[in-house]
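K.L.:
Questions regarding the structure given below will be posed in turn.
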Number of protein chains: 4
Amino acid sequence: MINVAVLGASGRMGATTCRAVESAEDMALVAALDAGDEVAMAVRAGAEVMVDFTVPSATEANVHAAIEAGLHCVVGTTGWTADALARVDEHLKERPELGVLIAPNFALGAVLAMRLSAAAARYFESVEIVELHHPDKVDAPSGTARHTAAGIAAARATAGVAPSPDATTEDPDGARGAVVDGIHVHAVRLRGLVAHEEIMMGNPGEQFTIRTDSFDRVSFMPGVLLGVREVAMHPGLTVGLDGYMSL
Amino acid sequence: MINVAVLGASGRMGATTCRAVESAEDMALVAALDAGDEVAMAVRAGAEVMVDFTVPSATEANVHAAIEAGLHCVVGTTGWTADALARVDEHLKERPELGVLIAPNFALGAVLAMRLSAAAARYFESVEIVELHHPDKVDAPSGTARHTAAGIAAARATAGVAPSPDATTEDPDGARGAVVDGIHVHAVRLRGLVAHEEIMMGNPGEQFTIRTDSFDRVSFMPGVLLGVREVAMHPGLTVGLDGYMSL
Amino acid sequence: MINVAVLGASGRMGATTCRAVESAEDMALVAALDAGDEVAMAVRAGAEVMVDFTVPSATEANVHAAIEAGLHCVVGTTGWTADALARVDEHLKERPELGVLIAPNFALGAVLAMRLSAAAARYFESVEIVELHHPDKVDAPSGTARHTAAGIAAARATAGVAPSPDATTEDPDGARGAVVDGIHVHAVRLRGLVAHEEIMMGNPGEQFTIRTDSFDRVSFMPGVLLGVREVAMHPGLTVGLDGYMSL
Amino acid sequence: MINVAVLGASGRMGATTCRAVESAEDMALVAALDAGDEVAMAVRAGAEVMVDFTVPSATEANVHAAIEAGLHCVVGTTGWTADALARVDEHLKERPELGVLIAPNFALGAVLAMRLSAAAARYFESVEIVELHHPDKVDAPSGTARHTAAGIAAARATAGVAPSPDATTEDPDGARGAVVDGIHVHAVRLRGLVAHEEIMMGNPGEQFTIRTDSFDRVSFMPGVLLGVREVAMHPGLTVGLDGYMSL
């Protein structure tokens, strides 16, 4: 049984995490804390793992306090800079038995899509990405699609793969979409959708497609619980959930 | 048994048509003609229906000669102007028993996709189109996608449907694609693809998708044979294969 | 402004309908009624249209009372027999100005998928259906898939289309799925899905696919509102929402 | 420049391989051999790598002759038994610098789909497979789908994942398809298709899909060329193309 404290427990992700921890047979929710509560309360409640879904301005101090107190950390709060990550890495040298996971995305499907498409992309002549979201989203393309494109581009560069062929000479209205690190990325916005991504690859006579669909915030929970289960077995700082996945 | 003459029989579409007519149990190929041959030869061979897959500079004269000779016509050659169509319409008044079908696209799937998506689009808040082709195509988006968008836009305007919602304010690289008659159209180019189109519609909690995939020139043959079978039953000029389809 | 009364307002579909009517700019919710309330209350509240999402044992009496009181009816309650429908039809002869819509399915996507796939299926050599649902569903295939198959089979029979070709001689484990009215139907069950259907058609070198995805009960609301808006313009009994759709 | 000899050069796969080798900038086709020709001819022509697309009755002797002559081997011929593989393994101990690749499937997309779906499947509650082929195929499900299911089942068993949930109690016509190693497998047959496979996985609120489409025999060529390029760097016997892929 893993004793878990959730910080940011009244936020949307935090509240969903509390319910998921309570439902997991191998975990106990020992503290559901919020702004103003102390990490010390998590310790007194007997927590072994702290899950942080707070706000960018609070998360770094929370993690350092948790390390000080001997808690493993699973962090979903965004806004971590390279400098802030380096400070956590440094601090952990004093406590080499502790694990800290800082992950921008806990959706297993999205994480797998990024990782597996990067692995596969060197074997295909062409790669393009279509991301699809609800029409209230203000930015295009999505951050996930940008990361996916960057990962694919890096993997293809390392393997020495040529750019995807494209004979387009007439495209007066921009139908070919954005180009991110040399990869074409298209953004669809449709009422009824939530968050979806399709990575398409092609060779002569052959297509290969990876698609991920996220319909609901609960889709992040298997990833959060995976983090909680594995964090004690991965001492030191890990950035990105795929560091815990054996692929 | 329908006696068929094919003009442009040594071209790629014409040759494929000859094989399809020969394979059809209810048709006989009585003449396979080419540049320099006369429509009169089709008549002497006993043809009832002339199929024209020649060139833009020859097709109009062929059709008028066929009408003169009492042949029904199925025409897949492109390049017909509104004036040229009007002249055929006028000529047919002298021979009210004859049918002429002039169709820019004989792919049943593509024709159905255009027609059915226009019928469905008024019932959804959002509509977008993704067309996908081989990477040797020089123009984007495809003509089929432009026609599909135009048909959908016209149907939505007639029904008084509001534009698809879109909150995008940041799209520095053009990921949202082209806008054709108010409909977003995205063009994907991948090695291994031939010609594909996906029309996506959305309401709260619901998606509706029509997709058509064309892998090979033979995909036009069911449409050509449908035209040959039906042309005698549709006197006068018909533009577009959907005029023969009961939907 | 259309004045609407909802019967069964505290049920899940009824409550969702109340919210949808309140949100619609051209409608007013004048009565939200439940078991024990009288249709007469809807009349006193000034309703013109009654929406019935009650229970099979109550809906027929509700409709007759509404006809008596001069209300148009939109009915989503299931359990209507052919005899019960005939009694409504008979009753409406006394009130020829009233419209009654009784629809088993208000999901526009599903209704369109059934109707448009039946229209398209005669033009393709092969047709198969894959339906996909959450893994808590107890029956396979879904009723919607059975209806879709029946509609397609009837349309193909009318058009004289041959059965879909199938050379399978070895299928020891039943991978080819169910055969409903001559159409192969496959049922997929996956955690995370809600209700989805894909109708696939094929000719040489060509595929044509219609897909509908329903993620949420709110997906029925555009269909219910369409019924409310149109019912006064369709006097008499109409069974099925597609009777109000111009396709 | 890699000097390549093709055995079985007049067969369909062999002929396609000859063209692919000739088109590759880093390879030279030095011998195109057939039944009755000697492996010795490949040696005299200066070959470094022998590609074998012959017949089950000839391939084992070809490989042993090639090992004797000091050639690396890439073998696509089927029919290899465990005993035959063991004899090659034994023979290679005498020539530890030589590589032999024996692969039942050179379609990169299919190989990747098997490998990556096995890697991903432990992270999802549900998994099912739909394979889709042309209607002239006599067996269902396809061998590729069976292999994919077996690989997924083994990976899930190793990770201790529970069976996919399924509440089905009524399925009179077998719509739930085949069950292969505990994984539901559905076989679709449609005119116009070639060889396609979709592996679907689901968690609450989330879907993850891998799809592979093979339209043409040329789709095997990138895999064959990958084998030719890599065989010298993988001494010993390798079974399956994924042994050469870094995933």
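Glycine is no exception: its Cβ is also placed from the backbone N, Cα and C atoms.
Whatever TrEMBL says is automated annotation, not expert-curated.
So TrEMBL lists these for the protein:
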type: ACT_SITE; residues: C:His133; note: active site, proton donor/acceptor
type: ACT_SITE; residues: C:Lys137; note: active site, proton donor
type: BINDING; residues: C:Gly8, C:Ala9, C:Ser10, C:Gly11, C:Arg12, C:Met13, C:Asp34, C:Gly76, C:Thr77, C:Thr78, C:Ala103, C:Pro104, C:Asn105, C:Phe106; note: NAD(+) binding site
type: BINDING; residues: C:His134, C:Gly143, C:Thr144; note: (S)-2,3,4,5-tetrahydrodipicolinate binding site
type: DOMAIN; residues: C:2-106; note: domain 'Dihydrodipicolinate reductase N-terminal'
type: DOMAIN; residues: C:109-236; note: domain 'Dihydrodipicolinate reductase C-terminal'
K.L.:
For the C-alpha pair, I'd like the distance in angstrom between C:Asn105 (NAD(+) binding site) and C:Thr144 ((S)-2,3,4,5-tetrahydrodipicolinate binding site), rounded off.
P.N.:
9
K.L.:
Mean pLDDT for the domain 'Dihydrodipicolinate reductase C-terminal' (C:109-236), as a whole number?
P.N.:
96
K.L.:
Let's check the environment of C:Asp34 (NAD(+) binding site): how many other CB atoms sit within 10 Å of its CB?
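P.N.:
The answer is 13 other Cβ atoms.
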K.L.:
Give me the long-range Cβ neighbours of C:Lys137 (active site, proton donor): same chain, 6+ apart, Cβ under 8 Å, in sequence order.
P.N.:
C:Arg189
K.L.:
Give the helix, strand or coil assignment DSSP yields for C:His133 (active site, proton donor/acceptor).
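P.N.:
Once the DSSP labels are grouped into three classes, C:His133 (active site, proton donor/acceptor) ends up as strand.
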K.L.:
Counting across all protein chains shown, how many other Cβ atoms sit within 10 Å of the Cβ of C:Ala103 (NAD(+) binding site)?
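P.N.:
There are 25 such Cβ atoms around C:Ala103 (NAD(+) binding site).
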K.L.:
Is there any among the recorded positions C:His133, C:His134, C:Lys137 whose Cβ is under 8 Å from chain D, and which ones, in sequence order?
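P.N.:
Answer, by Cβ distance to chain D: C:Lys137.
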K.L.:
Cα distance, C:His133 (active site, proton donor/acceptor) to C:Arg12 (NAD(+) binding site), nearest Å?
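P.N.:
C:Arg12 (NAD(+) binding site) and C:His133 (active site, proton donor/acceptor) have their Cα atoms 20 Å apart.
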K.L.:
Using a 10 angstroms cut-off on Cβ to Cβ distances, just flag whichever of C:Arg12, C:His133, C:His134 is the loneliest among these recorded positions.
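P.N.:
Each of the recorded positions C:Arg12, C:His133, C:His134 was scored; lowest Cβ tally within 10 Å is C:Arg12.
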K.L.:
Where does C:Ala103 (NAD(+) binding site) sit in DSSP terms: helix, strand, or coil?
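P.N.:
C:Ala103 (NAD(+) binding site) sits in coil per DSSP, no helix or strand.
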K.L.:
Please name the residue among the binding-site residues C:Gly8, C:Gly143 whose C-beta has the most neighbouring C-beta atoms within 10 angstroms.
P.N.:
C:Gly8
K.L.:
Among the binding-site residues C:Ser10, C:Thr77, C:Asn105, C:Thr144, whose Cβ has the fewest other Cβ atoms within 10 Å?
P.N.:
C:Ser10
K.L.:
Max Cα distance spanning C:Gly8, C:Ala9, C:Ser10, C:Gly11, C:Arg12, C:Met13, C:Asp34, C:Gly76, C:Thr77, C:Thr78, C:Ala103, C:Pro104, C:Asn105, C:Phe106 (NAD(+) binders), Å?
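P.N.:
It comes out at 22 Å between the most distant Cα atoms.
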K.L.:
Between C:Thr77 (NAD(+) binding site) and C:His133 (active site, proton donor/acceptor), what is the CA-CA distance rounded to a whole number of Å?
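P.N.:
Rounded to a whole number, the Cα-Cα distance is 22 Å.
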K.L.:
I'd like to know which of the binding-site residues C:His134, C:Gly143, C:Thr144 sit within 10 A of C:Asp34 (NAD(+) binding site) at the Cα level.
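P.N.:
None, since no candidate lies within 10 Å.
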K.L.:
Rounded to the nearest angstrom, how far is the Cα of C:His133 (active site, proton donor/acceptor) from the Cα of C:Ala103 (NAD(+) binding site)?
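P.N.:
One finds 22 Å between the Cα atoms of these residues.
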K.L.:
What is the three-state DSSP composition of the domain 'Dihydrodipicolinate reductase C-terminal' (C:109-236), stated as helix, strand and coil residue counts?
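P.N.:
Result for the domain 'Dihydrodipicolinate reductase C-terminal' (C:109-236), in helix, strand, coil order: 48 helix, 39 strand, 41 coil.
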K.L.:
Can you name every residue in this chain, apart from C:His134, C:Gly143, C:Thr144, with its Cβ inside 8 Å of the center of the Cβ atoms of the recorded (S)-2,3,4,5-tetrahydrodipicolinate site?
P.N.:
C:Glu131, C:His133, C:Lys137, C:Ser142, C:Ala145, C:Ala195
